[in-house]
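**Student:** Copying in the features that TrEMBL gives for the protein in this structure:
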BINDING   29-56, Lys435, Lys437, Ser516, Arg543  substrate binding site
DOMAIN    137-172  domain 'EF-hand'
DOMAIN    173-208  domain 'EF-hand'
ACT_SITE  His307  active site
BINDING   Asn308, Glu337, Asp339, Glu386  Ca(2+) 3 binding site
ACT_SITE  His352  active site
DOMAIN    487-603  domain 'PI-PLC Y-box'
BINDING   Ile646, Asp648, Asn672  Ca(2+) 4 binding site
BINDING   Asp701, Asp703  Ca(2+) 5 binding site
Amino acid sequence: MESDLGSKRDGLKDNEDLRFLLDGAKLTKIRSKSWHKSRYFNLMEDCRTIMCSSKKLGKKGNTFLIEDIESVRKGRQTEGLKKHTDPDEEEKCFSIMFKGSKKNLDFMVNSKEEAHRWVTSLEKLMNHAQNLSKKQEREHWFISCMRKADKNKDNKMTLKELKHFLRQVNIEVNDTYVEEIFKKCDTSNSGTLEDLEIEEFYSLLTKREEIDVIYEKYAKTEGEMSARDLLDFLLNEQREQATMESALKLIEKHELDEAAKQKKCMTKDGFVMYLNQEDGCIFNPAHSPVYQDMSQPLNHYFISSSHNTYLMEDQLKGPSSTEAYVKALMKSCRCVELDCWDGPNGEPIIYHGYTLTSKILFKDVIRAIKDYAFKTSPYPVILSLENHCTVEQQQLMAHHLIDILGSALVTKPLGDTMPANLPSPEELKGKFLVKGKRLNKLDAMFSNNNTTVEEDSVSEEDEAADCKENDQKAKAKKAKIKLAKELSDIVIYCKSVHFGGFEHARDNQSFYEMSSLKESKAFQLADASATAFIHHNMDKLTRIYPAGSRTDSSNYNPVPMWNVGCQIVALNFQTNTKEMHLNQGRFLPNGFCGYILKPEFQRSPSSQFNPQSLTEGPWLQKKVLHVLVISAQQLPKLNKDKQNSIVDPLVKVEIQGVAADIDKKTTHHIENNGFNPTWNTKFEFPISVPELALLRFVVEDHDSASQNDYIGQYCLPLTSVQNGYRHVPLLTKRGDIIPSAGLFVHIMLMDQK
């Protein structure tokens with residue numbers, strides 16, 4: 001079954017780390033103080049699946065795929081290991097963290113050297129899997145499905161096994177076609193397929209006619225694409241600013257055949273490789289690193305923001321966890337929320353007040369934030385405090401913030417004089433900002449008459465008051481809380497103030513003072529006073545949060561809030577629905593760093609932009625987006641337990657942006673083909689404000705009797721879309737890439753005539 005295909009796939013045959021994982025070993029799996037059990041842990045022969053079983057080389061046990069692992073953590077970094085192991089066993093512990101909601105695995109081994117070996121070996125295998133080309137991924141997936149179909153494990157495929165395999169890869173074909181393809185490949189007339197016959201079967205099955213047509217149109221040099229032919233394709237079809245030099249670079253980068261490379265030509269395999277890599281992706285690779293100006297004031301950026309960050313599930317009885325902060329930060333979230341209450345033994349805790357959600361220590365959360373804040377982005381993290389604590393526990397909160405975060409915590413304005421505006425993300429790299437109440441004006445820090453106030457009463461945070469109003473039917477009058485000077489003093493650039501209207505804010509609010517608005521209030525303001533809202537956000541920060549009635553942790557649509565320039569549009573990161581997909585799409589460019597520079601017309605004081613009523617101005621760039629949905633490849637099978645369940649895919653193409661641009665169109669569904677369905681369906685979308693538009697593709701399994709099932713989606717800003725024939729990756733609901741799946745489309749954004 002391996003054949004040359006398998007050898008080319010893994011490229012790891014003689015790797016020591018791979019051999020270590022294949023041999024496996026006995027580990028101690030830890031679930032509680034009393035649950036420490038020996039488990040045999042090894043990589044299976046497909047170099048992709050890991051088994052954890054109670055017996056050595058056991059045939060039964062729990063399995064998972066390498067691509068399901070999010071990270072491997074050395075030491076006692078999880079809540080479980082901290083709680084259930086001793087500190088002196090730190091170096092013998094490690095954890096496997098999974099994507100999505102799958103629970104992490106905590107292990108302990110006999111020595112720190114062994115723990116190090118497990119961590120480094122798993123990380124190398126993960127890096128190898130991540131670096132596979134699309135072609136290798138598909139071969140990898142193909143072989144994995146073949147293994148499942150090879151019932152007697154003889155590395156040969158009978159006709160019956162071939163039919164089972166086709167169901168595994170999500171394709172329904174009639175028996176006559178299966179028999180034809182089997183006979184064509186069975187050149188030895190043995191009644192089974194093996195070695196090169198399997199490779200021939202793979203080639204026939206993965207043939208892409210739609211790409212053949214494009215390649216043959218431009219391959220004018222002895223049946224291959226010369227550098228000149230490729231340049232013609234890049235200029236005419238992809239509409240790129242290409243040169244002969246860039247065409248030669250693509251051949252060097254993607255061509256697999258050395259003889260073709262020497263002739264400066266691209267074969268069909270090289271062309272397919274190009275289309276499936278980042279150069280052929282719908283997302284512009286020039287927007288993949290940080291490419292925007294990061295030296296503007298903080299309020300000139302959209303900032304990826306989380307609401308009730310500590311929750312893993314719903315708002316009433318779900319678990320709170322430091323892991324929720326880690327997950328949000330690793331998704332480049334740059335504003336996290338801490339709902340702080342008095343805890344036992346004088347230690348402040350975090351949980352969702354007036355509910356049955358579990359509680360975690362404030363200091364543990366700050367430690368987790370410190371450890372993971374800057375792993376995916378170097379730009380500042382805002383700690384949004386919702387403070388319900390007594391003065392004594394507030395003082396301890398301040399102590400923990402200063403002690404744990406150290407010099408990374410901003411405790412005074414940058415520079416020696418009172419600033420006139422917010423600093424930039426660039427100036428605040430690697431820094432933490434505290435958002436909360438403050439006893440006095442920031443100017444007092446630079447005044448000779450700075451009178452010291454040890455503590456005083458301030459109004460509650462707007463969100464805290466809303467929370468009380470929902471849960472206790474309290475009167476509308478805002479409650480007061482005592483605020484400790486120590487906590488007040490570390491609130492520098494994000495002082496929370498009550499919103500009293502745009503006119504009041506213009507006359508009374510300083511640049512470092514910001515308001516939090518409930519979604520209903522914010523949407524009302526956006527509808528009634530969009531231009532005033534945009535101007536308010538030109539020199540001040542605004543945070544929007546979900547209504548307290550969203551007890552299921554659902555989300556509101558963030559797009560209308562971005563349309564009026566709100567920076568901190570806080571969403572429940574734990575809820576993986578369309579709203580979070582839009583958020584992921586919005587923050588996909590610029591290095592996925594959590595900061596996106598707002599369009600010029602949302603930053604310029606002379607702007608009269610109104611997303612509700614479009615008038616002439618620099619924001620109005622009338623375009624037409626032409627989308628041809630051509631085909632899909634290797635869509636995942638949804639009901640893996642049902643042998644005969646094959647998907648009937650359809651594609652939805654959506655535009656989100658200003659009201660005039662919102663649109664959605666849907667292809668017809670293809671029956672019983674998730675392997676290589678073809679639509680060739682054309683859509684047109686008129687676009688008025690491309691700088692605020694998001695393009696989203698959603699693939700669903702058609703069901704005439706009930707709601708369609710989700711297969712995958714991809715969302716990105718229209719300004720980051722590449723024209724021409726493009727590959728569209730597909731993501732799970734949780735935002736993880738589906739390794740072998742994708743759409744093939746043709747895109748053209750043109751001026752309206």
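Glycine is treated like the rest: Cβ placed from N, Cα and C.
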**Student:** Rounded to a whole angstrom, what is the C-alpha distance between Glu337 (Ca(2+) 3 binding site) and Lys29 (substrate binding site)?
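**Tutor:** The separation of the Cα atoms works out to 33 Å.
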**Student:** Checking your reading of the structure: which of the binding-site residues Lys33, Asp339, Asp648 lie inside a 10 Å Cα sphere centred on Asp703 (Ca(2+) 5 binding site)?
**Tutor:** Asp648
**Student:** Other Cβ atoms within 10 Å is the metric here; tell me which of the recorded positions Lys29, Lys37, His352 scores highest.
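**Tutor:** That would be His352, with the highest Cβ count within 10 Å.
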**Student:** How far is it from Lys29 (substrate binding site) to Asn308 (Ca(2+) 3 binding site), counting Cα to Cα, in Å?
**Tutor:** 31
**Student:** Let's check the environment of Ser53 (substrate binding site): how many other CB atoms sit within 10 Å of its CB?
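**Tutor:** I count 17 other Cβ atoms within 10 Å of it.
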**Student:** Measuring Cα to Cα, tell me the gap between Lys435 (substrate binding site) and Glu386 (Ca(2+) 3 binding site) in whole angstrom.
**Tutor:** 9
**Student:** Just counting, how many other CB atoms are there within 10 A of the CB of Ile646 (Ca(2+) 4 binding site)?
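**Tutor:** By my count, 24.
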**Student:** Using a 10 Å radius around each Cβ and all protein chains in view, which of these binding-site residues has the most neighbours: Thr49, Asn308, Asn672?
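**Tutor:** Result of the Cβ crowding comparison: Asn308.
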**Student:** Let me know how many other Cβ atoms fall within 10 Å of the Cβ of Asp703 (Ca(2+) 5 binding site).
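**Tutor:** Asp703 (Ca(2+) 5 binding site) is surrounded by 12 other Cβ atoms within 10 Å.
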**Student:** Specify the nearest of the recorded positions Lys37, Glu45, His307 to Ile646 (Ca(2+) 4 binding site), where nearness means the distance between Cα atoms.
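**Tutor:** Closest candidate to Ile646 (Ca(2+) 4 binding site), judged by Cα separation, is Glu45.
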**Student:** Please name which of the recorded positions listed here, Asn308, His352, Asp701, is nearest in space to Lys33 (substrate binding site), Cα against Cα.
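**Tutor:** Nearest candidate: His352.
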**Student:** Whole-number Å only: compute the distance from the Cα of Asn308 (Ca(2+) 3 binding site) to the Cα of His352 (active site).
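**Tutor:** The separation of the Cα atoms works out to 8 Å.
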**Student:** If you count the C-beta atoms lying within 10 Å of each candidate's C-beta, which of the binding-site residues Glu337, Glu386, Asp701 ends up with the smallest number?
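**Tutor:** Counting other Cβ atoms within 10 Å of each of the binding-site residues Glu337, Glu386, Asp701, the minimum falls on Asp701.
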**Student:** Per DSSP, what is the residue tally for the domain 'PI-PLC Y-box' (487-603) in helix, strand and coil?
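**Tutor:** The domain 'PI-PLC Y-box' (487-603) comes out at 49 helix, 20 strand, 48 coil.
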